[in-house]
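Participant: Just passing along the structure, written as structure tokens.
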Amino acid sequence: MAQTPDDISCELRGEITRFLWPKEAELLLKTWLPQEGAEQSHILALLRWRAYLLHTCLPLRVDCTFSYLEVQAMALQETPPRVTFELESLPELVLEFPCVAALEQLAQHVAAAIKKVFPRSTLGKLFRKPTPSSLLARLERSHPLESTIPSSPCGGFLETYEALCDYNGFPFREEIQWDVDTIYHRQGCRHFCLGDFSHFGSRDLALSVAALSYNLWFRRLSCEDMKLSLEVSEQILHMTSQSSYLEELVLEACGLRGDFVRRLAQALAGHFNSGLRELSLSGNLLDDRGMRALGRALATNATFDSTLTHLDLSGNPGALGPSQDSGGLYTFLSRPNVLAYLNLAGTDATLGTLFTALAGGCCSSLTHLEASRNIFSRMKSQAAPAALQRFLGGTRMLRHLGLAGCKLPPEALRALLEGLALNTQIHDLHLDLSACELRSVGAQVIQDLVCDAGALSSLDLSDNGFGSDMVTLVLAIGRSRSLKHVALGRNFNVRCKETLDDVLHRIAQLMQDDDCPLQSLSVAESRLKQGASILIRALGTNPKLTALDISGNAIGDAGAKMLAKALRVNTRLRSVIWDRNNTSALGLLDVAQALEQNHSLKSMPLPLNDVTQAHRSRPELTTRAVHQIQACLWRNNQVDSTSDLKPCLQPLGLISDHSEQEVNELCQSVQEHMELLGCGAGPQGEVAVHQAEDAIQNANFSLSILPILYEAGRSPSHHWQLQQKLESLLGQVGEICRQDIQDFTQTTLDTTRSLCPQMLQTPGWRKQLEGVLVGSGGLPELLPEHLLQDAFSRLRDMRLSITGTLAESIVAQALAGLHAARDRLVERLTQQAPVTMAPAVPPLGGNELSPLETGGLEELFFPTEKEEEREKVLLRKRNGTPSWQLRGKMQSRRLGRLHAVAEKHWAAGPRDTPASAVYQRVDVCVGWVPPALLQEGNGLTARVDEGVEEFFSKRLIQQDHFWAPEEDPATEGGATPVPRTLRKKLGTLFAFKKPRSTRGPRPDLETSPGAAARARKSTLGDLLRPPARPGRGEEPGGAEGGTSSPDPARRNRPRYTRESKAYSMILLPAEEEAAVGTRPDKRRPLERGDTELAPSFEQRVQVMLQRIGVSRASGGAESKRKQSKDGEIKKAGSDGDIMDSSTETPPISIKSRTHSVSADPSCRPGPGGQGPESATWKTLGQQLNAELRGRGWGQQDGPGPPSPCPSPSPRRTSPAPDILSLPEDPCLGPRNEERPLRLQRSPVLKRRPKLEAPPSPSLGSGLGSKPLPPYPTEPSSPERSPPSPATDQRGGGPNP
């Protein structure tokens, strides 16, 4: 919700949001009515398409509401800030505002909403006086231009439709939205078809049509075979009178009557900016008065003389009756216009009057004239034939002339053919003279003049009752050198069978004539029966016939079998139509099997009548035949389909969708930056805004030009001339190939005859050879056609490639301009942003860390990403190391940097630094180890050797309740959390595994805590464990200790806590041992065996010395012992349950796995080396010597452990496992930001419930925190202080 300068309480905003739900208010303004004053204020809630005036008192109620489409005008006033609305529903609405800024926000919001619905509207029409010119100028500068707004799909159709639904109170139909977004926009379709939404009500259709009135995307509105209601008709009339982008209006068979046409005529007569190019009103009930009004409107408005190219008024009987002969539509047709398509079939028009009007009007531009089922003349006169001859003499581009069913008299037919003979400028004309009742007289006229009519290429003479005159008529047609397509159906009503056979033989001879240009023949609906076999047999040797229509001749199964034989050898036919021939399933199967060997037939419309009849008797066989026919036709058309679709669809998919999306997103981004920059950005800012607007305008123009380029790439220029030249050239190539094949065949036969004379005398082999030769004879016929297809495919690919390259370059330039504009806007925004100074660094106190050390912690420990990348490249180049080993080496280098930086900071530290500061500096150097926390309840410090025994043991951590120490609330509040990056990088150092000996089926010992222990193989953890002390018995509850769960179901598998770690790694001094006292042994029964091996004293001493910070001299023996120890660790960790995901991490020394010794101040060194530290060293040395003599150690291989340095120094501590973040298990959910440690479970374990808890206690001290205050040292037994089940010392969480 947008913020306003007015103060509106959050409670009131929430109430308004709930009141308007599910609608959302985009702007809330505080206002009041002038007569009531500011004391009784209101809230003006501006939604997307509607405004609500609400009372501020609760409960809310609406004072008034209005749609933005109701706003007829607005008047703005600055002093006082006031707006006056002129609405349809209200006489006048005056509102006052507290400031001018709120008034400008209101004006901008309403103007932007109206602009989306009416894209061509301007601010000057909306804002009227007394609006100040300065305010209007500011609104124009802040209001985005029409070209700079990234348009929604299909020119904002959905926004307009939504606004109209809100205006009329109708529901918004999501199906219309889906169709517009998915079909129309994605496919670039600008044709809005009302038939797609015919299942909606009339009001929904009316709203969708009303949304087209001001839409700039759709160019065509069509409705076919659907009756239109009155509401839809009204909106169509409104759209016709308003839209200047509507180019095609098709209303066919919609039940329209004369009153609709009269009102349509009024709308067209007054719309001088109309872009209508096509008007189709066929199949309606239009009367002569409506047609007269339409003709006058077209003649009155001079715009249609240069725009209207397509007019279809067919199927309206009586619309052009006798009353129209003197005017009406003929007035418009007699004017010079650009009509190219005119269809007046079935309108009772007089052809004589029509040709007279056309001769003085559009005869030069007319290409298609359909005047079928009309009257040639209402009286016998010579004027009509003369008008026809004049029209044919003046036409230049006519390609179709339909006069079917017009009952032409002989003189009219003679005038027609003579006019075509005299006009040498037209060619490839299709003349339809079917059902004209020409009979013998017309046949004689055709025989005399058809040879001279060179413009004719297609002639339809069906159903003219020629009868026996067909003999001479066929001979006359054969003499024509221009006729390529002839239709002679329904003319074979000859009683004499010999005459019929003579006609059919002449037609067959015409088909087989090499000099005859005939390519298509139709004898449909002639009932030839067995006579059709004469024509079918002629198909075996026809040289040029490519299309044959023998439907409706009742040829039966015998004729189908003959057709199948002809198709096996014919390679010229491309189309065969043979429906309504009484063919059964066997006949269909014969044709299907023949098509398996025919690779040239492209089209065979499914014979639906015969298939329906055959399916009733033998459905399985019929289905099989139909599928086989369709598969063969698909195979024959596969090459053409891929060559046609691939170059057309590929550019559209790769360029249009992606580029449009990218441009729209970038335009939106630039628009947002422009709004952020605002108007008061100074002169440089205004220049940047203007440049951004120009860039958006250019980008939108580049998207609008893409469809034009694609259409230009698809439509080849000079296609007809190029095709003619290629056909003539490829015809010569075909002749040469045919001659070559014939010569090759003859040579092959001669050679075979000379080599195998006896084999040629075998009848079967000779017949087989002839079949092979006949099959190969069609190859020369297919070669020119394939070459022609390949030539056009390659030309189309080249055109589309050029178009795509040009389109990509245009879009690239537009995108570059948008990027540059956005960069300039961002630069201006950064210059306007206030400069904030960093706070001064405070002086450091005695116990404070340096800001450099605390703030640059990651830079201190870890290299930058660029340095790591360079090191990776160098390592890979030197050793060819795989990536999994390379990551291990990089981890080792990181640890090396850690120790190097730690040594550097340790050597550079002053000796007189207080202990707390020294500890903080060491923490920074080695990764920030917080002071060890005291255990809960008993006040004892955690042992340093805590956790090693189960680190190498075979058991897994499974319990849900973990034991954790309590923190002091004061300390917890001042703690600083570990940086997240540090915890991430330190989290992959360890891998927890179980020994190989623990694999296999689990015994019942795991589920029964009281079971007897069994012997097991000793591990390195056993070797490092301190020797058992006499007198310390094992308690039954020691296995679980403080970590036992009250739920028995959760004890199916034992789990260790960190308390057991505290007694395994480092030996404590005698004083601390005494303070600790006797403790219950935390080892489980399965881990305490009688056969435990004695731990290595050297290892224990080495570990202890490393924990207290004493460095050791380097030597060969030390290196060997270290390698041996690392090998033991690797061996112990090779097989385990809990594995780390980063297996390439190198093994880390045990030093990194331990806690700090103690947080007690008594254990810390004081200044000057005085304090409890000296006693600790003395006691520890006595204990080591006594234990060494008691065990009887001999001479060692290398130098023994070095004596501790006499100078007191703080013990070096390593990061505690609490802060070492392990790789998180994806099964455990997201990592807790305050608890970095998370053990990864074995994949064999079942999924445990996710544990969530407050931050781990180990994170209680940050880098800059002070040492914890001393806790009481009085021990308390675990029985008196039970552990809290809500926390886990290892980073667990509460029990869910």
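Quick reminder: no glycine exception, Cβ is built from N, Cα and C everywhere.
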Participant: Candidates are SER1207, SER1281; I want to know which one Swiss-Prot annotates as phosphoserine.
Facilitator: SER1281
Participant: Pick from SER1203, SER1209, SER1284: which does Swiss-Prot describe as phosphoserine?
Facilitator: SER1203
Participant: With respect to Swiss-Prot, which of the residues ARG870, ARG878, ARG887, ARG1191 bears the note omega-N-methylarginine?
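Facilitator: The omega-N-methylarginine feature in Swiss-Prot corresponds to ARG1191.
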Participant: Suppose I define contact as three or more CB-CB distances under 8 A, residues 6 or more apart in sequence; do the repeat 'LRR 5' (305-328) and the repeat 'LRR 4' (273-296) meet it?
Facilitator: yes
Participant: Under DSSP, the repeat 'LRR 2' (88-110) has how many residues in helix, strand and coil?
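Facilitator: Within the repeat 'LRR 2' (88-110) the tally stands at 11 helix, 4 strand, 8 coil.
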Participant: Could you give me three numbers for the repeat 'LRR 14' (598-621), the DSSP helix, strand and coil residue counts?
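Facilitator: Helix/strand/coil tally for the repeat 'LRR 14' (598-621): 13 helix, 1 strand, 10 coil.
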Participant: Where DSSP helix means H, G or I and strand means E or B, what are the helix, strand and coil counts for the repeat 'LRR 12' (542-565)?
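Facilitator: Counting residues per DSSP class in the repeat 'LRR 12' (542-565), I get 10 helix, 3 strand, 11 coil.
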Participant: How does the model score the repeat 'LRR 5' (305-328) in terms of mean pLDDT?
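Facilitator: For the repeat 'LRR 5' (305-328), the model's average pLDDT rounds to 86.
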